[in-house]
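Participant: This is the structure, below, for whatever I ask next.
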Amino acid sequence: IGIAYNRGMCDPKKSVGTVMDHSTEHLSVAVAMAHEMGHNLGMDHDGNQCNCGGAGCVMSEELIESRSYKFSDCSKNQYQNYLTIYKPQCILNQPLRTDTVSTPVSGNELLQNSANPCYDPLTCHPREGEQCESGPCCRNCKFLKEGTICKRARGDDMDDYCNGKTCDCPRNPHKGPATAKGSVLM
């Protein structure tokens, strides 16, 4: 059992549908939801002349359990007419990020639970006044002061220090010989 406004998808007061279904079959609930959303998208109940190639179509007046999982040719035409005649802007226009109600996003389009507070999730750029996001020489979105130890010495090695200009831990230029690809690092 359900109800929805016909062609109400882009009307803030009518973009709604209600479904009450006590079925334990999830597909049946999904079909009922698709049926009501079909009304929101300008689709009427299918008549006898409509065909979806199955036992029953999503917009049939009476759903035939889980077999009603396709929209009919009539429904597809009605949806196309809805788009052409009513030009529903909430469907045809790509919304601005500030117009959507959703989880904030970042570089990978998902904001992780441990999302970085240094970045604005709407722009994926550092927040104003922030210098860095992470690294051994970054704390609370700011570079650590020059001279802060970022890597303790081991053996005959020397401490490495932050330079106050980067989030990375630069290698101490006064270190003894170390090899990388056979060359001496200075």
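Residue numbering: from 1, along the chain as shown.
Glycine is no exception: its Cβ is also placed from the backbone N, Cα and C atoms.
For reference, Swiss-Prot lists these features for the protein:
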type: DOMAIN; residues: 1-95; note: domain 'Peptidase M12B'
type: DISULFID; residues: Cys10-Cys90; note: disulfide bond
type: BINDING; residues: His35, His39, His45; note: Zn(2+) binding site
type: ACT_SITE; residues: Glu36; note: active site
type: DISULFID; residues: Cys50-Cys74; note: disulfide bond
type: DISULFID; residues: Cys52-Cys57; note: disulfide bond
type: DOMAIN; residues: 103-177; note: domain 'Disintegrin'
type: MOD_RES; residues: Gln131; note: pyrrolidone carboxylic acid
type: DISULFID; residues: Cys132-Cys141; note: disulfide bond
type: DISULFID; residues: Cys137-Cys162; note: disulfide bond
type: DISULFID; residues: Cys138-Cys167; note: disulfide bond
type: DISULFID; residues: Cys150-Cys169; note: disulfide bond
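Give me the local environment of each listed feature.
Facilitator: For the domain 'Peptidase M12B' (1-95), the model gives a mean pLDDT of 87.
DSSP classifies Cys90 (disulfide bond) as helix under the three-state reduction. Within 10 Å of the C-beta of Cys90 (disulfide bond) there are 12 other C-beta atoms, taking all protein chains into account.
DSSP assigns His35 (Zn(2+) binding site) to a helical segment in the three-state reduction. Counting every protein chain shown, 24 other Cβ atoms lie within 10 Å of the Cβ of His35 (Zn(2+) binding site).
Within 10 Å of the C-beta of Glu36 (active site) we count 18 further C-beta atoms, all protein chains included.
Taken residue by residue with DSSP, Cys50 (disulfide bond) is part of neither helix nor strand, so it is coil.
A simple way to gauge crowding: the CB of Cys52 (disulfide bond) has 20 other CB atoms within 10 angstroms, across all the protein chains here.
Taking the Cβ of Gln131 (pyrrolidone carboxylic acid) as reference, residues of its chain lying under 8 Å away and at least six apart in sequence are, in sequence order, Cys138, Cys141, Lys142, Phe143, Cys167.
Around Cys141 (disulfide bond), taking its Cβ as the centre, 18 other Cβ atoms fall within 10 Å, counting all chains.
Around the Cβ of Cys137 (disulfide bond), a 10 Å sphere holds 26 further Cβ atoms from the protein chains shown.
For Cys167 (disulfide bond), other Cβ atoms within 10 Å of its Cβ number 19.
For Cys169 (disulfide bond), applying a Cβ distance below 8 Å and a minimum sequence separation of six or more within one chain yields Gly135, Pro136, Cys137, Cys150, Lys151, Asp160, Cys162. The secondary structure of Cys169 (disulfide bond), as reduced to three states from DSSP, is coil rather than helix or strand.
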Participant: Hey, how far is Cys10 (disulfide bond) from His39 (Zn(2+) binding site), Cα to Cα, in Å?
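Facilitator: Answer for this pair: 12 Å between alpha carbons.
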Participant: I need the CA-to-CA distance for Cys50 (disulfide bond) versus Cys57 (disulfide bond), whole Å please.
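Facilitator: Given the Cα positions, Cys50 (disulfide bond) is 8 Å from Cys57 (disulfide bond).
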Participant: Which one of the disulfide-bonded residues (Cys10, Cys50, Cys57, Cys132) has its C-beta surrounded by the most other C-beta atoms within 10 angstroms?
Facilitator: Cys57
